Each structure stands twice: as C-alpha cells, then as structure tokens.
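Enquirer: Input: one structure, supplied below.
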Amino acid sequence: MKVLNNLLLFVFLIFLVGSNVVNSTSQTWINQDVQRSIDVTTHLSKESISIKAKSLTDKNDIYQISFNSKYHVSIQALDSQNNELKVYLSPNSINIKEGFKTYNIELKNKVKKDEIVQLKVKVTSMIEQMIPYPSEIKQGQTQLVLYLNNHYFTSPYKTETQKTTVKLASSKVESYSEEQPTSLKGMTVTYGPYSAIEAFSVSPMRIHYENGSPFFVLTNLLKEYEVSHWGNLAVETHYQLENKGAHLVGAFSRLDYQRNPSVNPNQIAEVNEAVPLSATDFYYRDSIGNISTSSYQYLANRINFKIQPRFPLMGGWKNTFYTGYNLPIEKFLSVDTLTGQYHLNVTFGVGIDNVYVENHILKVVLPEGATDIKVHAPFAFTQSEENRKTYLDTIGRPVVVINIKDTASENYRYIQVTYNLSSLSIFHEPLLVIGAVFTLCIFIILYSRFDLSISKSKQI
C-alpha cells in the first residue's frame with residue numbers, strides 16, 4: 001500500500017510539473033490576432049502565419065510556436081522588418097505539451113511588458129499531412145489527396161482572434177471538415193474568424209480534394225563543393241528521388257504515356273534546377289552512364305538546368321542520379337585583407353521548386369592545410385568533419401559535413417564557411433609539381449652522363 005501511495009504521489013508530481021511548464025509558458029505572451037494562409041496546391045503544405053502578439057512580461061525575447069509532433073516541418077521566422085530570426089527546438093519541448101513539438105523564435109531585442117510584436121512565420125511540411133487517398137490508382141486516373149491540420153492556430157498562448165484560409169489545387173472537393181463559421185468558394189476554404197481560443201486547442205481539419213501534383217521527395221540529397229584556389233569551385237549533387245504520390249497499380253503503358261503525357265499529371269517527367277549564371281561544364285549521369293536528355297537554358301538571373309530521367313517516375317517509383325558543373329572560384333571566395341581569413345559563400349540546398357528533402361547532407365571540401373574552420377548558417381544543423389586524399393595531397397583535405405533533416409526549397413539559402421590557409425599551403429601543390437619536374441630533369445641529366453655500357457667500343 002505504501003508503494004502504491006508513493007507511485008501515485010510521483011505521478012501527481014510529474015503532472016504538476018508539466019502543468020506548471022504549460023502555465024508559465026502561456027503567461028508570457030497573448031496572441032491578439034493570427035492570420036493563417038495555407039497553400040496546398042502542390043504536394044507541400046506551405047503555411048504563412050501573420051502573428052500580432054503582446055508581451056505579458058518584461059525583458060521577453062523568446063516567442064514559442066508549436067506543431068503536432070507527427071508532422072515534419074521546415075520553419076522560417078521573420079520580424080516586422082523582414083529580418084530572419086533564429087528558430088530552434090525548445091530544450092524543454094517534450095515537457096510543454098504531450099503530442100506537440102515546441103520551437104523557440106529568438107527575437108532581435110528584448111521586449112517590454114505590454115509591447116506589441118508582429119511576426120511572420122513560414123512553415124513547409126508534407127509528411128503525415130498530405131496523404132494520397134486512395135493510396136493506389138491506375139494509369140490515367142486522377143489523384144485525390146487528404147489534407148490534415150488543425151482548425152486553430154496551435155500555440156502555447158491564448159489567442160484572441162484568428163482566421164485561416166486554405167487554397168486548394170482544384171475546385172473538385174470530395175469533402176471538408178466544418179468548424180463554424182466555415183465557407184467554401186471555388187478553390188478556397190475559409191475557417192473563422194474564431195475568438196478566445198485557449199492554448200493548445202485542437203479541432204481536426206480534414207480536406208479531401210483533387211490534387212494532381214507529383215509528390216516530389218528527395219529521400220537523400222548529397223551536395224558537394226570542392227574548393228580549389230588554383231582552379232574553380234566544383235559542384236556535384238547526388239539525388240535519391242522518389243514519387244510518394246498515389247502508387248501506380250497495374251501495368252505501365254509507354255504507348256499511352258507517349259500518346260497523352262498530360263493524362264497523369266502526378267508523374268515526374270523532368271526536374272528543373274536553377275543554377276548560377278556563371279556555371280559551366282554540365283554533366284548528368286546515373287548508374288548506367290551519361291544521360292544525353294538534359295539541357296540548360298540561360299535566363300535573366302540564372303540558368304535553368306533541365307534534367308530528364310530515362311523514364312517518367314510514376315507514383316511509388318524511385319530513381320538515383322547525379323549532376324555536376326563548375327563555378328568560377330572568385331565569385332564565391334573572398335579574403336579578409338586584415339586577418340587573411342577566407343570566406344566561402346555557397347548555397348545550401350538545390351534550386352528546385354516544391355521539393356521536400358528528408359535527409360540533406362552538404363559537404364565542403366577545403367584545400368589541404370585549411371585550419372580554424374567555422375560554419376555560419378541561418379538555421380540549426382549538425383556538423384562533422386572528414387578527411388579526403390586526392391591527387392598531390394600528403395595529409396589530406398579537410399571536409400566539412402553539414403546534415404539537416406526535413407528541408408524544403410525554402411531552405412535554398414546562403415551559408416558561409418570561414419577558414420585560414422597559409423601561403424605555403426596555397427603553393428603546396430604547385431611546388432610539388434615543380435619539385436617533381438625538377439627532380440625528373442636532374443635524373444635525366446645525370447642518367448645521360450653515365451656510361452652504363454659493359455665494354456667501350458674501339459674507335460678506328
């Protein structure tokens with residue numbers, strides 16, 4: 001009996017601590033008004049949230065936002081001046097509310113009590129929210145998608161007023177949930193306005209509609225930059241692509257596809273990637289070899305690199321390939337004249353619209369001898385280092401490895417890698433080549449002066 005009482009006391013204390021965490025969080029801000037605009041015209045849910053919040057405490061510099069723990073999201077936060085704010089998973093996220101992940105948005109300045117803050121949060125998600133329903137279709141059939149969300153803005157704070165608009169891919173809506181007031185006009189579903197919503201209020205949203213967009217997912221993406229102070233910046237990207245839309249059931253007819261390719265809009269027939277205007281020496285290969293069905297088109301501010309796989313990717317199909325090109329090093333690498341430190345500015349991600357990446361790895365191969373390596377990025381990441389030996393290397397080149405889970409095309413942003421490199425390290429490889437050539441010349445000269453014959457020929 002005593003053991004049971006102790007157990008009940010322990011459970012009560014856990015509940016009390018959890019309640020205190022929620023209460024302390026909800027008493028720091030109040031949402032005066034929230035406007036949510038959700039775009040589900042593709043396979044991604046792109047949510048733009050405008051928040052007007054009032055601080056309830058003094059010296060407040062952390063605003064929190066929560067999401068269903070089942071959803072994998074990519075978050076970007078901006079202040080009223082469009083300055084990007086730091087977003088990271090709250091250290092005590094699991095203790096705030098069960099079933100939710102809570103993220104901290106770090107404000108630029110501390111906020112006084114009763115001061116109003118306006119934020120804009122962009123959220124991109126796909127996993128668990130966009131479900132092909134039915135999960136299997138025949139060639140030529142229309143793909144239907146079930147979209148799941150919350151009628152209310154999921155927040156650890158109370159919300160005075162809020163409204164949500166959902167833009168669909170089609171006006172063909174099979175069904176949709178209703179939390180009055182609710183209206184459907186054409187391709188837009190409007191929920192609200194709602195008033196006096198408590199923290200972590202949940203009302204399941206469910207919209208079943210026609211969406212022919214292919215579920216373009218990169219299960220693994222490896223992008224590699226190789227820096228050469230004597231050459232260029234080589235870029236190579238490895239893709240593991242999968243169409244996670246409604247799976248194709250039955251046989252695939254190439255004849256029907258060639259006759260009318262638009263019948264199956266949920267297929268992936270080509271991939272268009274935006275690359276810098278200065279890119280040259282393009283190549284595109286898969287496990288079989290070079291693929292000639294690729295092209296590039298010069299536009300005003302970029303090159304459109306068009307990649308056409310050997311076959312269209314229907315629902316449930318996968319493909320792997322890699323591409324590459326070269327960039328002039330002087331446009332991406334600069335040196336601080338005061339400190340001698342090198343600054344490399346490159347993009348994280350790939351310039352492909354409406355792409356979702358489950359596992360994203362970026363590698364930066366620096367010159368041999370690089371030291372004091374640091375990475376600066378506007379988002380959280382995990383970092384590790386490798387060593388790679390290639391031509392003319394002695395100790396190997398340092399490789400910076402950056403890894404992020406669940407990213408979207410919105411993560412196509414610049415990161416900076418800084419490092420130091422001595423003059424000896426810069427001239428290391430040219431000196432090796434010069435030394436090798438000089439040694440070879442000396443050897444040839446000495447060899448030509450030695451007489452290695454067994455007997456000297458007699459002169460007549």
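The backbone N, Cα and C atoms fix where each Cβ goes, and this holds for glycine too.
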Enquirer: Between Asn211, Asn290, which does Swiss-Prot record as N-linked glycosylation site?
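Expert: Out of Asn211, Asn290, Swiss-Prot attaches the N-linked glycosylation site annotation to Asn290.
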Enquirer: Measuring Cα to Cα, tell me the gap between Asn420 (N-linked glycosylation site) and Asn345 (N-linked glycosylation site) in whole angstrom.
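Expert: Roughly 15 Å, rounded to the nearest whole number.
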Enquirer: May I ask for the distance between Asn345 (N-linked glycosylation site) and Asn290 (N-linked glycosylation site), taken between their Cα atoms and rounded to an integer number of Å?
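Expert: One finds 30 Å between the Cα atoms of these residues.
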Enquirer: Just name the most isolated of the glycosylation sites Asn290, Asn345, Asn420, going by other Cβ atoms within 10 Å of its Cβ.
Expert: Asn290
